[in-house]
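Heads up, the thing below is written out as structure tokens.
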């Protein structure tokens, strides 16, 4: 027992041995361990009470509430009893005992009030009470032990023990979540937001997710909800407000914005990171103290010292585990916030960006949401390391100076030199990464176009050429990336250069400079304490270099975001026309000058009209220039007034600016000079290229409008969609596909038109809505919408329609002609048709046309009949880890892998063996063998050189040889899978999902897999080597390692059942983001015109949230694993400490004990590296697995029997035979062609006509093998197409599909993609089509095709140039002139007739008068050939037939059979009789 007098000092330790060695005094425990935490907690509790009183109730009183209050009331009662006991004179006490007891009692009363408010007004248990009571329990255990050894203190000790039990009970109750008591809206919060501090510190809240992933396949529904603070809506509204006040012209503006906005989350990681530094730098003191303890085992206080050393080891290593997990978790929470902000801000700014004319706007945004965001995530992971490394270096320098004196200067100077070089590498790496990202951007731009225009690319046989161009861009990207990878190799070399040579320099200086060591030999305590500090010093240097490079990479990506946002803001601010999405209405003309000007314009353009007042004016322009920039003015000096409830027709030749004018009316074009004023906020807009979302037909038509079934039916009828829907298996629930690829061109146009009609907006802006429609369908739509009793007239809507179709002339109130140099406006009653009709063509159908508009239609393009399918999820446990590893090893090369592994093992040996060499050195010094100093120093130095050689060799081999090889092979595997995929397969798959494989998956494979692989392999081998060294120090530690390894095995087995699934979900959730961004960019003008911007932003936020869930929760389970493995290291450290203290005989020499203790420090650091690398590698390999599955599972369009090789000059003649052909787009779908039989003689010119959706395009699709046959056969020059590879067929034909596909590159590349023609031949065909005068000033054949020809009609002409310049015997044109004005169309027809001499020509058209000069005309209806004869015979047939009749194939044959040409089944078509 101990007297109270011995414990009434401030201590901290008692001087009486009877109280126990190294025992705290009771006064110290009361004044420091009790009073300090209590005082802080009371102050914070009062502030927290004030805060909670302002909160709304979130939970009800339940049994947990009453249990907690009961525990606190009992605790207060016990404290009151204890206070009374302390006041008794006979009770032994210190001078502070009564005061502490009184304050404790009073504080418990405060805690009762706080507990009540925390339960009722907070969704989670009280962090403050939990932290205080846990801390209090730890200190009270020490106080309880002290009270029980005080003489005469049994009563107060018993009472205090009861209080300790009650504190423990309350801490357990307070740590329980109050799920059952929470109100319903708070139950949707993330478990992290509803759980206790202890639960969050040890990541117990992720255990349910880990168990779910262990037992079953995860899907998005199994993931936790995000808490409110990291939800995208919250992040956007917070950051958007700050962005408005940010000057984006300043460097680093976006980065600083994120730091300011989320500073508290950033700072939340500072305290645990500082704690980690404290715990980490406690290790050298523990090593020194342990070695001292080992040398003085016989001391009187050795037992107590050993016990405290065990406690200290436990505290330090458990503290390292918790603090490291805490700061990294806060880092990733900050990254999640930054990620959510950037994705939502970019989309919001994209929604407000300027439209582009011809320049593809997609690639920059796609790179920003994929590659750049990944670089930012990776860079910010080391943000706390950047500043903490300086603290670590300073502390390490101070500690080294205590051990090595002035010898510290050269070693630390060398380390700082590495830091300086590291900063330079970081700057260089940032600029080189920018070049790499720009190369990725170019590749993704072309890849996106190929995927979205897949059918056109296939039909034109440009898929291999496009793929070769993509491969070329990939090779350039890899070449550019090598410069960046050299920086990475240099960075890693600098990191390990300090690690290897700093100890060598320090020990060499110390031993060779007598003035420094002063005859003090390098003993084990000094050597291994110094080695421990060197490990921490070099870790700080390596962390700084690594974090500096990563941060610079992140900064460069932040700057790309800033530049993109700045460009959009600059464009927005420079516009003169008001924008639709502004909150206020655009300004009207208010002054009398404006009114007078409007009167003048109206007087100049109308006869005897009363000028309207401002309320009747919809659009006003005066001497306005319109274009896409100040250098690209398209419409000059436009003066126009569009009045409400009128129809305005805009006409003009191709490239005259019709589409640009409509864009200007939406505020989407560049305005120069006086403004173009719009007196409306929203308009129904139909783009020239119909934009459709990848949704159902019904969803596209409804858009954001409320559901009105009657009006919906009226809209379908007016737009002639009812017959089409009747032929689709899913009707209006048919998904339209990427870019509407599951619909025909005419159907896409009519769905877009129906969307405009259904919206019932006052303003209709319609661009070329009759292209791709047959005459009868056009006539029906024009009458139903524009006629005297049409929907537009009845509703009093204002309509501006851009078209050259003569159907609108008699219905328009005014006509704007853009084809006469300067715009000319003509009112309806002015019969001045000459300036107009030059650009207008008649599309009325022949009288008595047999092509019935009311008949059921067939879908012409792709898989329109396919039922709505759920996206097929990739299996997440299909491939074993071994198979994926082996697949990746094969891509990088088995020999390359073996070389790299050997270099890694050499590196580990050269870095681990020096500690053993130092042990032998100090033991030799201890024996007095000081004459071999040169040997030890030289070997030490050469080991460092060997390590450096192995490091540089291994890093260069990995980054400059292995990674580029795998990058090429895996990209080629993806691209090859796409190239050989059938068209229906690609149209079924979402374009965003496919593109995500070329962006996100390859980004991970190029960056994460090699870096994580190197870190994992090196750390793993190092951990094994260091574990062996630790085990050598004691056989007991070896015995303890066995169950530890078994435990680690089961931990990783449990963890790896979930983490790859989460990574797969993470990758899958990014695909909709990319797809949504693509969809938005392509339909930007339409979305803004309809006023759907807010809806699309909300959808983007939902997609961001769905993407954030797996991303954030993956980082959480990674922290769980890191914490568990760090606790395993803590267990090893505690076991080692116990073994050393318990081994009375000193089982290991001081040298090997020093190695064990030093290796334990390095083992913890390397295990941390192994954890980070391994978790990164096993999740990054998910991307490799996705590539492997996609390349293996993607269907191939060529069948085994399609393997014959035709003659090199096939087809020689161009004879085409269809023999009883029936075709459909898949099993269970409607036949799109039924029993079609005909023969086309060599050199014939055949026109194919029929209403929209009749099967014309399906018929020519069978020729290009993009549509499979159910039965029958097709022969060209007597060779069945089913026996040939499909691309061989396409290359032999000359195809011109409906949708023009322009290759990225020069005009020369587009016209002559296979490099067969001379420049003169290319120029000739361009001149023939009227393109050369446009292209010559822009660079001629070297001009960029996309930017030089912005108008869709010009792109179509360029594709015609490609078609006409190609050699070949069979030419197939599918409605190719549908978007051309009559003048351009006439030029094209003339060129076709000239250049098709001697060729077989098939031309799909909507009306027979477009086919003058053709030998025969084929009429297709409902998938059947109903007529096939000379133009005169077909014209007579159509004129004599009733439009309401429903002819069959046989009846048509009977009517048209004459001589050599028959429509009925031909029989054996290869025989002479069949050809007679």
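Cβ atoms are placed via backbone N, Cα and C, with glycine included.
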(message) For the feature transmembrane segment as recorded in Swiss-Prot, pick the matching range from 870-890, 975-995, 996-1016, 1017-1037.
(response) 1017-1037
(message) Suppose you had to name the range Swiss-Prot annotates as transmembrane segment; which of 203-223, 224-244, 245-265, 266-286 would you pick?
(response) 266-286
(request) Choose the correct range: of 814-834, 835-855, 898-918, 1045-1065, which one does Swiss-Prot annotate as transmembrane segment? Give that range. (result) 898-918
(request) Match it up for me: which of 359-379, 380-400, 443-463, 464-484 does Swiss-Prot list as transmembrane segment? (result) 380-400
(request) Identify which of the binding-site residues 652, 1250 has its Cβ surrounded by the largest number of other Cβ atoms within 10 Å, counting every protein chain shown. (result) 1250
(request) Report, as numbers and ranges, which residues of the same chain sit near the transmembrane segment (64-84): CB under 8 Å and 6 or more residues beyond its ends. (result) 98, 101-102, 104-105, 108-109, 111-112, 115-116, 119-120, 156, 159-160, 162-163, 166-167, 169-170, 173-174, 176, 178, 180-181
(request) For each of the binding-site residues (654, 1254), count the other CB atoms lying within 10 A of its CB, then report the residue with the highest count. (result) 1254
(request) Could you work out which of the binding-site residues (656, 1252) has its C-beta surrounded by the smallest number of other C-beta atoms within 10 A? (result) 656
(message) Quick test of the contact rule: Cβ under 8 Å, at least six residues beyond the ends. What residues does that give for the transmembrane segment (266-286)?
(response) 259, 309, 312-313, 316-317, 319-320, 322-324, 326-328, 330-331, 333-334, 383-384, 388, 391-392, 395-396, 399, 529, 532-533, 536, 1157, 1161
(request) Mark yes when the transmembrane segment (1121-1141) and the transmembrane segment (898-918) have three or more Cβ pairs under 8 Å (sequence separation 6 or more) and no when they do not. (result) no
(message) Is it the case that the transmembrane segment (302-322) and the transmembrane segment (1121-1141) touch, counting contact as three or more CB pairs under 8 Å in which the residues of each pair are 6 or more positions apart?
(response) yes
(request) Taking the transmembrane segment (936-956) as the first stretch and the transmembrane segment (409-429) as the second, find out whether 3 or more Cβ pairs fall under 8 Å, excluding pairs closer than 6 in sequence. (result) no
(request) Give residue numbers and ranges for long-range contacts of the transmembrane segment (409-429): same chain, 6 or more residues beyond its ends, CB-CB under 8 A. (result) 393, 397, 400, 484, 487-488, 490-491, 494-495, 497-498, 501-503, 505-506, 509, 534, 537-538, 541, 544-545, 548-549, 551-553
(request) Give the helix, strand or coil assignment DSSP yields for residue 658 (ATP binding site). (result) helix
(request) Let me know how many other Cβ atoms fall within 10 Å of the Cβ of residue 1256 (ATP binding site). (result) 29
(request) Under 8 Å Cβ to Cβ from residue 658 (ATP binding site), same chain, six or more residues apart: give me those in sequence order, or none if nothing qualifies. (result) 650, 651, 652, 767, 768, 802, 818
